[in-house]
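Here the structure is laid out as C-alpha coordinates; the discussion comes afterwards.
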Amino acid sequence: MRHGSGPIRAVIIDLDGTMLDTVPDFHVAINRMRAEFGLGAINQESIAAMVGKGSSNLIRGVLALDFDAALVDQHHEAAMRAYQRHYLEINGDYSALYDGVLNGLDAMRAMGLRMACVTNKPLDFAAPLLAKKGLAPYFEIVYGGECLPQKKPHPMPLLQVCSDFALAPGQVVAIGDSSNDAEAARAAGCFVLVVPYGYNHGRPIHETDSDGIVNTLLEAASTIDSHNRGGR
Ligand SMILES: O=C(O)COP(=O)(O)O
Ligand SMILES: [Mg+2]
(Lines of atoms letter the chains of each structure in order from A and count residues from 1; the text may use other names and numbers.)
(Lines give C-alpha, C1' and ligand atoms only; values in the text may rest on other atoms or scores of the structure.)
(Ligands and ions follow the chains in the order given, each with its own letter.)
Protein backbone atom coordinates (compact mmCIF):
# COMPACT_ATOMS: atom_id res chain seq x y z
CA MET A 1 0.00 0.00 0.00
CA ARG A 2 1.14 3.55 -0.67
CA HIS A 3 2.88 5.28 2.25
CA GLY A 4 2.92 8.84 3.53
CA SER A 5 -0.83 9.00 4.10
CA GLY A 6 -0.78 8.34 7.85
CA PRO A 7 -1.92 5.27 9.73
CA ILE A 8 -4.91 3.14 8.90
CA ARG A 9 -7.61 3.44 11.57
CA ALA A 10 -10.45 1.30 10.24
CA VAL A 11 -11.31 -1.60 7.97
CA ILE A 12 -14.45 -2.16 5.91
CA ILE A 13 -14.85 -5.85 5.14
CA ASP A 14 -17.05 -7.47 2.50
CA LEU A 15 -19.06 -10.57 3.43
CA ASP A 16 -19.80 -12.99 0.55
CA GLY A 17 -16.60 -14.35 -0.98
CA THR A 18 -14.39 -12.54 1.55
CA MET A 19 -15.35 -13.81 5.01
CA LEU A 20 -17.76 -16.60 4.08
CA ASP A 21 -18.06 -19.00 1.19
CA THR A 22 -21.81 -18.55 0.81
CA VAL A 23 -22.23 -19.98 -2.68
CA PRO A 24 -23.44 -23.33 -1.21
CA ASP A 25 -26.26 -21.42 0.56
CA PHE A 26 -27.13 -19.50 -2.63
CA HIS A 27 -27.06 -22.79 -4.52
CA VAL A 28 -29.62 -24.51 -2.28
CA ALA A 29 -31.97 -21.50 -2.08
CA ILE A 30 -31.80 -20.69 -5.79
CA ASN A 31 -32.44 -24.26 -6.88
CA ARG A 32 -35.41 -24.57 -4.50
CA MET A 33 -36.80 -21.35 -5.99
CA ARG A 34 -36.12 -22.54 -9.55
CA ALA A 35 -37.92 -25.83 -8.85
CA GLU A 36 -41.05 -23.82 -7.89
CA PHE A 37 -40.91 -22.22 -11.35
CA GLY A 38 -40.43 -25.58 -13.07
CA LEU A 39 -36.77 -24.81 -13.84
CA GLY A 40 -33.91 -27.32 -13.54
CA ALA A 41 -31.06 -27.12 -11.05
CA ILE A 42 -27.99 -25.03 -11.91
CA ASN A 43 -24.43 -25.53 -10.64
CA GLN A 44 -22.46 -23.58 -8.04
CA GLU A 45 -19.99 -22.19 -10.56
CA SER A 46 -22.63 -20.38 -12.57
CA ILE A 47 -24.07 -18.94 -9.35
CA ALA A 48 -20.64 -17.78 -8.08
CA ALA A 49 -20.20 -15.68 -11.22
CA MET A 50 -23.49 -13.86 -10.51
CA VAL A 51 -22.99 -13.09 -6.79
CA GLY A 52 -21.86 -9.64 -5.73
CA LYS A 53 -24.38 -7.12 -6.98
CA GLY A 54 -27.19 -7.89 -4.56
CA SER A 55 -30.17 -10.29 -4.46
CA SER A 56 -32.33 -8.64 -7.08
CA ASN A 57 -29.53 -8.74 -9.65
CA LEU A 58 -28.76 -12.36 -8.76
CA ILE A 59 -32.35 -13.48 -9.19
CA ARG A 60 -32.62 -11.63 -12.52
CA GLY A 61 -29.48 -13.48 -13.62
CA VAL A 62 -30.69 -16.93 -12.66
CA LEU A 63 -34.08 -16.36 -14.30
CA ALA A 64 -32.42 -15.02 -17.46
CA LEU A 65 -30.73 -18.41 -17.94
CA ASP A 66 -34.14 -19.69 -19.10
CA PHE A 67 -36.46 -16.71 -19.59
CA ASP A 68 -36.36 -13.80 -22.03
CA ALA A 69 -36.34 -10.23 -20.67
CA ALA A 70 -40.15 -9.92 -20.60
CA LEU A 71 -40.55 -13.20 -18.67
CA VAL A 72 -37.78 -12.20 -16.25
CA ASP A 73 -39.69 -8.96 -15.52
CA GLN A 74 -42.94 -10.87 -15.15
CA HIS A 75 -41.60 -13.46 -12.69
CA HIS A 76 -39.02 -11.38 -10.85
CA GLU A 77 -41.16 -10.34 -7.89
CA ALA A 78 -42.56 -13.81 -7.17
CA ALA A 79 -39.11 -15.36 -7.69
CA MET A 80 -37.62 -12.89 -5.19
CA ARG A 81 -40.25 -13.82 -2.60
CA ALA A 82 -39.66 -17.55 -3.10
CA TYR A 83 -35.88 -17.10 -3.02
CA GLN A 84 -35.98 -15.00 0.17
CA ARG A 85 -38.16 -17.58 1.89
CA HIS A 86 -35.84 -20.44 0.91
CA TYR A 87 -32.68 -18.47 1.72
CA LEU A 88 -33.86 -17.53 5.21
CA GLU A 89 -34.72 -21.20 5.89
CA ILE A 90 -31.14 -22.35 5.25
CA ASN A 91 -29.10 -19.14 5.80
CA GLY A 92 -25.63 -20.24 6.98
CA ASP A 93 -26.33 -23.99 7.02
CA TYR A 94 -24.13 -24.69 3.98
CA SER A 95 -21.71 -21.76 4.07
CA ALA A 96 -18.30 -21.76 5.74
CA LEU A 97 -15.68 -19.33 7.01
CA TYR A 98 -12.58 -19.03 4.89
CA ASP A 99 -9.19 -19.82 6.46
CA GLY A 100 -7.66 -16.95 8.38
CA VAL A 101 -10.87 -14.99 8.86
CA LEU A 102 -11.21 -15.27 12.64
CA ASN A 103 -7.45 -14.93 13.19
CA GLY A 104 -7.40 -11.94 10.89
CA LEU A 105 -10.32 -10.25 12.62
CA ASP A 106 -8.71 -10.93 16.02
CA ALA A 107 -5.45 -9.39 14.80
CA MET A 108 -7.25 -6.31 13.44
CA ARG A 109 -9.13 -5.90 16.69
CA ALA A 110 -5.88 -6.24 18.67
CA MET A 111 -4.41 -3.47 16.47
CA GLY A 112 -7.21 -1.16 17.59
CA LEU A 113 -8.77 -0.91 14.12
CA ARG A 114 -12.44 0.02 13.97
CA MET A 115 -14.39 -2.48 11.92
CA ALA A 116 -17.42 -2.30 9.64
CA CYS A 117 -18.98 -4.88 7.34
CA VAL A 118 -20.36 -3.54 4.06
CA THR A 119 -22.14 -6.13 1.94
CA ASN A 120 -24.55 -6.01 -0.97
CA LYS A 121 -26.42 -8.86 0.71
CA PRO A 122 -29.73 -7.74 2.22
CA LEU A 123 -29.30 -6.91 5.92
CA ASP A 124 -32.05 -9.42 6.78
CA PHE A 125 -29.75 -12.14 5.43
CA ALA A 126 -26.42 -10.66 6.53
CA ALA A 127 -27.21 -9.92 10.19
CA PRO A 128 -28.34 -13.44 11.21
CA LEU A 129 -25.52 -14.96 9.14
CA LEU A 130 -22.85 -12.85 10.86
CA ALA A 131 -24.33 -13.84 14.23
CA LYS A 132 -24.51 -17.55 13.37
CA LYS A 133 -20.87 -17.64 12.25
CA GLY A 134 -19.54 -15.76 15.29
CA LEU A 135 -18.64 -12.67 13.23
CA ALA A 136 -21.18 -10.17 14.56
CA PRO A 137 -19.22 -9.14 17.70
CA TYR A 138 -16.33 -7.83 15.58
CA PHE A 139 -18.35 -5.21 13.73
CA GLU A 140 -19.50 -1.85 15.06
CA ILE A 141 -21.43 -1.20 11.85
CA VAL A 142 -23.06 -3.48 9.27
CA TYR A 143 -24.60 -2.07 6.07
CA GLY A 144 -26.55 -4.39 3.78
CA GLY A 145 -27.34 -3.76 0.13
CA GLU A 146 -30.58 -1.92 0.77
CA CYS A 147 -29.47 0.13 3.81
CA LEU A 148 -28.44 3.20 1.82
CA PRO A 149 -29.71 4.71 -1.45
CA GLN A 150 -26.69 3.30 -3.35
CA LYS A 151 -24.78 0.03 -2.99
CA LYS A 152 -21.27 -1.05 -4.09
CA PRO A 153 -19.70 -0.40 -6.64
CA HIS A 154 -21.03 3.06 -5.67
CA PRO A 155 -18.80 4.58 -2.98
CA MET A 156 -21.74 5.68 -0.81
CA PRO A 157 -21.70 2.86 1.80
CA LEU A 158 -17.94 3.21 2.26
CA LEU A 159 -18.16 6.98 2.58
CA GLN A 160 -20.98 6.50 5.09
CA VAL A 161 -18.73 4.30 7.25
CA CYS A 162 -15.90 6.87 7.04
CA SER A 163 -18.33 9.52 8.20
CA ASP A 164 -19.74 7.26 10.96
CA PHE A 165 -16.19 6.71 12.23
CA ALA A 166 -15.26 10.38 11.68
CA LEU A 167 -12.27 9.26 9.59
CA ALA A 168 -10.91 10.45 6.26
CA PRO A 169 -11.16 7.81 3.48
CA GLY A 170 -7.33 7.69 3.37
CA GLN A 171 -7.38 6.30 6.93
CA VAL A 172 -9.60 3.39 5.91
CA VAL A 173 -8.96 0.11 4.05
CA ALA A 174 -11.70 -1.82 2.28
CA ILE A 175 -11.13 -5.56 1.92
CA GLY A 176 -13.15 -7.51 -0.63
CA ASP A 177 -13.21 -10.28 -3.20
CA SER A 178 -14.39 -8.42 -6.27
CA SER A 179 -14.04 -5.47 -8.62
CA ASN A 180 -17.28 -4.26 -7.06
CA ASP A 181 -15.48 -3.69 -3.75
CA ALA A 182 -12.39 -2.24 -5.42
CA GLU A 183 -14.34 0.24 -7.56
CA ALA A 184 -16.31 1.42 -4.54
CA ALA A 185 -13.11 1.85 -2.52
CA ARG A 186 -11.26 3.70 -5.30
CA ALA A 187 -14.21 6.05 -5.83
CA ALA A 188 -14.41 6.68 -2.07
CA GLY A 189 -10.65 7.30 -1.80
CA CYS A 190 -10.12 4.35 0.58
CA PHE A 191 -7.30 1.86 0.25
CA VAL A 192 -8.37 -1.53 -1.05
CA LEU A 193 -6.98 -5.01 -0.52
CA VAL A 194 -8.48 -7.96 -2.38
CA VAL A 195 -8.55 -11.69 -1.66
CA PRO A 196 -8.07 -14.17 -4.53
CA TYR A 197 -10.39 -16.94 -3.30
CA GLY A 198 -13.79 -15.25 -3.70
CA TYR A 199 -16.13 -14.75 -6.63
CA ASN A 200 -15.19 -11.58 -8.58
CA HIS A 201 -17.92 -12.14 -11.16
CA GLY A 202 -16.02 -15.15 -12.51
CA ARG A 203 -12.90 -13.09 -13.39
CA PRO A 204 -9.32 -13.49 -12.03
CA ILE A 205 -8.71 -11.03 -9.19
CA HIS A 206 -5.36 -9.80 -10.56
CA GLU A 207 -7.32 -7.96 -13.29
CA THR A 208 -8.76 -5.75 -10.54
CA ASP A 209 -7.13 -2.43 -9.67
CA SER A 210 -6.24 -2.67 -5.95
CA ASP A 211 -3.53 -1.80 -3.43
CA GLY A 212 -2.62 -5.46 -3.07
CA ILE A 213 -3.80 -9.05 -3.14
CA VAL A 214 -3.79 -10.76 0.28
CA ASN A 215 -4.26 -14.51 0.59
CA THR A 216 -6.19 -14.29 3.87
CA LEU A 217 -7.62 -11.70 6.24
CA LEU A 218 -4.70 -12.54 8.54
CA GLU A 219 -2.35 -11.43 5.78
CA ALA A 220 -4.46 -8.29 5.35
CA ALA A 221 -3.96 -7.53 9.06
CA SER A 222 -0.19 -7.89 8.73
CA THR A 223 -0.14 -5.70 5.57
CA ILE A 224 -2.00 -2.98 7.48
CA ASP A 225 0.29 -3.42 10.49
CA SER A 226 3.38 -2.99 8.34
CA HIS A 227 1.83 0.09 6.66
CA ASN A 228 1.13 1.58 10.09
CA ARG A 229 4.70 0.89 11.19
CA GLY A 230 5.94 2.81 8.15
CA GLY A 231 6.77 -0.25 6.06
CA ARG A 232 9.36 -1.66 8.43
O1 LIG B 1 -25.14 -10.70 -2.03
C2 LIG B 1 -24.30 -10.20 -2.82
O3 LIG B 1 -24.59 -9.71 -3.89
C4 LIG B 1 -22.83 -10.23 -2.45
O5 LIG B 1 -22.56 -9.54 -1.32
P6 LIG B 1 -21.08 -9.03 -0.90
O7 LIG B 1 -21.15 -7.55 -1.14
O8 LIG B 1 -21.03 -9.43 0.56
O9 LIG B 1 -20.06 -9.74 -1.72
MG1 LIG C 1 -18.06 -10.20 -2.05
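Quick reminder: no glycine exception, Cβ is built from N, Cα and C everywhere.
On a predicted model such as this, the values are computed, not experimentally measured, just so you know.
Sequence-distant neighbours of D14 (active site, nucleophile) (same chain, 6+ apart, CB under 8 A from its CB) are C117, V118, T119, K152, A174, I175, G176, D177, S178, D181, G198. Annotation source TrEMBL lists active site, nucleophile at D14.
Under the heading Mg(2+) binding site, TrEMBL lists D14, D16, D177. Taking Cβ-Cβ distances under 8 Å and a sequence separation of 6 or more, the neighbours of D16 (Mg(2+) binding site) in its chain are T22, V51, G52, T119, N120, K121, D177, G198, Y199.
Within 10 Å of the Cβ of D177 (Mg(2+) binding site) there are 26 other Cβ atoms, across all protein chains.
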